[in-house]
């Protein structure tokens, strides 16, 4: 087959979840609801942390940035899919595909590194409570967030560069709802061995290091909690980690599911379904997990809602 070198005119066809025309309105309504809930939930978390001075601490500073990252992560894939479903046009240009790949790995990696940073925050809070404010001072917190962004940016640009080196044939159909890198590697007409090796190594490094940091932090946390004599003290210590641990399990559990489904299963539909969990459900669930399990967030949200309810009484004379 002839290689397609005119990348400016190259277009991909996103097959999505289903080609059934009767199912398209249902999928559009479902994913629109998921996206609205994701944006609303994360925006409320951001507003709650910004408006309540009691939440101006390292833990909530990292949660603030995680909510920003989750919003960006969902906005990378869902809006384009909604546009395609509404317009009955499943095409995506080469430039849009590269942009999607870049932002997908930027925000995906950002989530992973921030979860590791938040695990370190919990370790310091539980194992070194008297030095918590000294160790996690505002300067270090800003540095950790900037470092997370820089690592994520490097990861995204490596993936974007490797994809840009691929040569494709005409009439390319991607059995996915976004430009998934493993699917692009399968569809490339050129040799992808070097691209695959580099992407695999970068993914292993970027995925393994944050996961190792989380594992080590919780190893130290559990070792410290075990030495607490009272059962009440143990429960209180564990409760401060409950929300974070739930989000970590959800994020890495679905991420592992995506990797296994694409590596082991020959069916692209299974990979698409697990990707929906990873790219849509996880960012939507994070705000609910933190708001339902955190009393401070609950109080801040109740304060915001009460102010919104009282607003008409100040406007109407």
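Every residue gets a Cβ built from N, Cα and C, even glycine.
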TrEMBL tags one of 103-120, 121-138 as transmembrane segment - which one?
103-120
Out of 26-49, 61-83, 103-120, 140-158, 237-260, which stretch touches the transmembrane segment (194-216) the most, going by CB pairs under 8 Å?
103-120
Which residues, given as numbers and ranges, are at least 6 beyond the ends of the transmembrane segment (272-292) yet have a Cβ under 8 Å from it?
16-17, 31, 34-35, 37-38, 41-42, 44-45, 63, 66-67, 70-71, 73-74, 76-78, 104, 175-178, 180, 243, 246-247, 250-251, 254-255, 257-258, 261, 298, 301
Tell me, roughly as an integer, the mean pLDDT over the domain 'G-protein coupled receptors family 1 profile' (41-290).
86
Using a cut-off of under 8 Å between C-beta atoms, tell me which stretch among 26-49, 61-83, 103-120, 140-158 contacts the transmembrane segment (237-260) the most.
103-120
